[in-house]
Amino acid sequence: MAVITEPLKNQADLLRRGLADLRAEDAELAAILDAEVTRQQHTLSLVSSSCAVQPRTLAASASVLVNVTAEGMSGKHHSAGCENVERVESLAIRRARQLFGAQYANVQPHSASNAVYQVLTALLEPGDTLLGMAVEHGGHLTHGSLAAFSGAYYKAIQYGTTADGLIDYDKVRLLALAHRPRVILCGASAYSREVDFKRFREIADEAGAILLADISHIAGLVATGRHPSPIDAAHVTVTCTHKQLAGPRGGVILSGADANTKIPGLRTTFSRLLDQAVYPRMQGAPAANMIAAKAAALGYAMSAAFDACMAQIRSTADEMAKAFQAKEYEVVGGCSENHTVLVRLRGGITGAIAEAALGHCGIIVSKHRVPEDPRSALVTSGLRIGTGALAQRRVDVHGSRQIVDLIVRILNTVAPLGEQDYTLEPLLLTQFRSEVETLCRDYPLADYQ
Ligand SMILES: *Cc1c(COP(=O)(O)O)cnc(C)c1O
């Protein structure tokens, strides 16, 4: 047992003490956490949702606010002793509104999935109709998949992309007019082109639907003006805080021009309904320490450093898309307009094999289905590459080309055995691993860990 010699005076004392205790008294857990730091530093993550938090955000998430129960919304916390939770929540809300130019922000949702469900359950009765993008076409489970709550509790109509990988807006309109959904969801998890939020709003207005935009994947690009913003186009927007925003695991609900308008068919406004949708309808007390971390991340997202990182995300995605095309790979959608590059594999290499073989070499990337994919979601024929974590390593044009070149050499070397198995010569594997190691050294995650 560690002996307490004097009371802990501040947050820094507490963190130092916590880390020392962890090392001294729970070596098993400490070793796993250290192994993860090593893994993240010595692999290249091309996972399209991935990014590393700033140390300041990490520290804020570990604050003593975790000890406070503060049921209720900002300004109306029920419990005693909530004055600092109140201050931190107001700060996070102010920053979220400023960053996105929103009238309304709710920073309590524990995740983006929760945030989507909070909005849906507030606006829909079980069995009501929603229209969302199919997972197989790049949508998210919460947008109407039968495997999730969204598809099980609502009558979910799904739209997708054309064979070229572009959202088929005419089809969306026809589906909306035919099925008259109460809510239309837009925003994707695997879509490399701009989403036309204004077009979606026109369709929603024509069909008498409420538009919910989910910008979990592109929130940083939206915040820095590199992707059109849905804040005023959609009635409600949700985002997670742990992808491009480099914050803690959590969600935010936003609303712009419609925040204080009455909801069709209801006697209340969006902002009032959204507050109730989170508490008391779906959550209890918020995770105040995570709200502090959201405030830290949202503050960082207003910095010049963050802006530069978002610029790098875009240029790296452009460069990688071109580099794959130069090697005669099909890039779905023809190019990237965000952080995502969706590549169709060839030569009998399935997504499952590519993911496993590249992972073995230290390049972490997800398999993904591509338009008209003959293979199942477990196998797939594509790779979904994201440039968020590479931008944080400041991978430049030269580095982007080197990485694509390495990926292509690895894929050319792999010998597939069916759909999931493969062989890769041990000598070459060692060679590829050391090339990844060199890239990780040349482009370190220095500012982040
Ligand atoms: C990642 C993602 C989510 C889910 O976020 P969680 O916070 O992990 O629940 C929701 N919607 C979209 C479009 C996403 O890409």
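Placed from the backbone N, Cα and C atoms, the Cβ positions cover glycine too.
A quick note: this is a predicted structure, and the numbers were derived from the prediction, not measured.
Annotated in TrEMBL:
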| type | residues | note |
| --- | --- | --- |
| BINDING | G139, H140, L141 | (6S)-5,6,7,8-tetrahydrofolate binding site |
| DOMAIN | 23-407 | domain 'Serine hydroxymethyltransferase-like' |
| MOD_RES | K243 | N6-(pyridoxal phosphate)lysine |
| SITE | H242 | site 'Plays an important role in substrate specificity' |
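Cβ neighbour density within 10 Å is lowest for L141 among the recorded positions G139, H140, L141, K243.
In this structure, the binding-site residues that sit close to ligand 1, with a C-beta under 6 angstroms from any of its atoms, are H140, chosen from G139, H140, L141. Other residues of the chain with a Cβ within 8 Å of the Cβ centroid of G139, H140, L141, the (6S)-5,6,7,8-tetrahydrofolate site, are G132, M133, V135, T142, H143, G144, S145, A148, S150, A188, S189. When secondary structure is read from DSSP and collapsed to three states, H140 ((6S)-5,6,7,8-tetrahydrofolate binding site) falls in the coil class. Spatially close to H242 (site 'Plays an important role in substrate specificity') yet at least six residues away along the chain are S49, C51, V53, P248, R249, G250, judged by Cβ distances under 8 angstroms. Cα to Cα, G139 ((6S)-5,6,7,8-tetrahydrofolate binding site) and the residue listed as 'N6-(pyridoxal phosphate)lysine' are separated by 16 Å. Comparing H140 ((6S)-5,6,7,8-tetrahydrofolate binding site) with the residue listed as 'N6-(pyridoxal phosphate)lysine', their Cα atoms are 14 Å apart once rounded. Looking just at the domain 'Serine hydroxymethyltransferase-like' (23-407), the mean pLDDT is 96.
Between the C-alpha atoms of K243 (N6-(pyridoxal phosphate)lysine) and L141 ((6S)-5,6,7,8-tetrahydrofolate binding site), the distance comes to 17 Å.
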